[in-house]
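Engineer: Just dropping this structure here.
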Amino acid sequence: MDFNPVPPPRETLRAYLSKKGHVVKNWKLRLFVLKPGSSYMEYFVDETKEQQHLPQGRVPLYGTRVMEYVYNSNNNPREFCLSVETENKNWIISTGSKAQQLEWIEAIKHAIESAVETDEIKLQKHKSIEKQLQLDGKNKNKIPVLKLLLLGTGESGKSTVVKQMKILHHKGFSKEEEEFYRNLIYINLLDGMALLIHVIKENNIEIPQETLSAIKNYSSWYRVYIEKRNKNGIRNNPIGSMIPISILNNNKDNNNSNSSSLKNNSGGSSSSELDKKMTHLSLDGSTCINSNSASPNGPSSSTTTSTINTHNRSNSDGSSNNIFNVQDFGIPPIITNYISTIWSDPVVQSEVMLQAQKYHINESTQYYLNEIKRIGKPTYQPVNLDILKSRATTNGVVETDFNVNGEVIFRIVDVAGQRGERKKWINFFDDVTAIVFVAAINEYDQKLVEDNCTNRLHESLNLFDSICNDSTFPKTSIILFLNKIDLFREKLKRTSINICFPDYNGDQSYEKSSNYIKNNFLSKKKGGNGINSQNFIYFHFTCATDTKSFETVFNSVRDIIISKTLEFYC
């Protein structure tokens, strides 16, 4: 006999139902109450106890699944039963008819979808996990190592997750790491400004004369800086930076006669000639025009290669070469002034920045430019947020161990997300405890760097599809981080997700848009309907650069992973 689906209850659902005890024949009649929007289903001895709000027990609904409990004369002497299962316990409840059974199953399913994990549930779960680990004799003197595979497309925020783990469980970054990231931040900032100049030139964007003058001076300096940075190799260039070709190509000229458009006035000189001819800039920010000044490559101005002094990088011997040695001496004050002048132009912050999205500009560029006065100081040392915002392409595989509260070691394997790197993933699928998949939901209107054609969010969805349905790990838990919600909120103000999902007909609110994207990801899991098809997928909306919110998310993830793997250690 077919039954029509029961609509979600709009009012409290109440009924006397039988609950099975520890013994098959031990059934107790209880008054079950399910309120709309509640994260619990409560049961009482009778109406009096309900009025006094003295429940006999509670059935938590967060992370729970409900299904029909099939009648069997051996294991269940009653018909029309349903089973409500949590991670550690299950309830078998008998209803009075098939219609009532379906009504309660559907009502509980709808309640599960909106249920939230309360502090009480979190505390109970955490205590249960700690107790079981302490009682596990096999691991009394051994901390288990749980392997997490960190996957996702390029620039989704995977490496930022690892950085947050360092902050939370490695007591931050070492001096060597801070020095590396300081140089990386300089590169991100300087290359970001160069790309904005490239955008102005390519799109013939009109700008004020003051900004134009600062751009010309910055461009002249940047061309020599890049040549020297590339010559010095990895020490000065920890990433394979994509330099805008119009900044380096001195032969290309903009024929626009408008004085407010950007032109290249180098006259086809090589970088070495520019080095000799350009204005001699001193590190204290003064400008000294001296056509007879010695070449920076000469004996009197050799490149500084001594040990880095992070407390006094501005201490200079007066060599013109130091103006290009950003790693050892920081960004020269006069270059900082040029950058400030360019960035303070409203046209640059609005029209140019918007156009730059088409050129795959680093998402952190705006943040660094807003902080240019602080970053441009000779004594600059990066704070955690600066490091979290830094961007370098991950090549190959990076494994990092984190001891979490002495309970467990998480071995996070960060694998490069670019298309050409994904073939390496298969080598790390063995012994995987869980997969953490990071998807940048703000990329719904962006194209892949690899082909400048494929929509980034579609690429992420397709990749998630292939991973969560891979036969290599059919029962492996998958933690889905729907990342960069801060950038997603901002982008929604000007662009609807309809550009990526033509079938979407909702408004541009964060709640509806993010929920639609979430459902698109969860629907990729095959092998069942409803909640049963998502048994091993746990999702979180994240901002990986926000340490406080990320700590809350990771604590929840930690409990899920540990509880799911306890059986392997017991």
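Easy rule for this one: first residue shown is 1, then count along the chain.
Each residue, glycine too, has its Cβ placed from N, Cα and C.
Got these off Swiss-Prot a minute ago, pasting:
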| type | residues | note |
| --- | --- | --- |
| BINDING | 152-159, 388-394, 414-418, 483-486, A544 | GTP binding site |
| COMPBIAS | 254-272 | compositional bias 'Low complexity' |
| COMPBIAS | 290-316 | compositional bias 'Low complexity' |
| REGION | 147-160 | region 'G1 motif' |
| REGION | 254-321 | region 'Disordered' |
| REGION | 410-419 | region 'G3 motif' |
| REGION | 479-486 | region 'G4 motif' |
| REGION | 542-547 | region 'G5 motif' |
Engineer: If we skip the immediate neighbours and take only residues 6+ beyond the ends of the region 'G1 motif' (147-160), which ones have a Cβ under 8 Å from one of its Cβ atoms?
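Structural biologist: Distal contacts: 363, 388, 391-394, 398, 410-419, 425, 428-429, 431-440, 443, 448-450, 456, 459-460, 463, 467, 481, 483-484, 542, 544-545, 561.
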Engineer: Pop the mean pLDDT for the region 'G1 motif' (147-160) in here, whole number is fine.
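Structural biologist: Summarising the region 'G1 motif' (147-160) by its mean pLDDT gives 89.
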Engineer: Can you see whether DSSP assigns L388 (GTP binding site) to helix, strand or coil?
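Structural biologist: DSSP assigns L388 (GTP binding site) to helix.
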Engineer: Please compare the binding-site residues L388, A392, V415, A544 by how many other CB atoms fall within 10 Å of each one's CB, and tell me which has the fewest.
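Structural biologist: Checked L388, A392, V415, A544; of these binding-site residues, fewest Cβ neighbours within 10 Å: A392.
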Engineer: State the three-class DSSP label for G152 (GTP binding site), counting H, G and I as helix, E and B as strand, and everything else as coil.
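Structural biologist: Note: G152 (GTP binding site) is coil by DSSP, not helix or strand.
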Engineer: Return the single residue from the binding-site residues list (S156, N483) that has the minimum number of other CB atoms within 10 Å.
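Structural biologist: Minimum Cβ neighbour count within 10 Å, taken over the binding-site residues S156, N483, occurs at S156.
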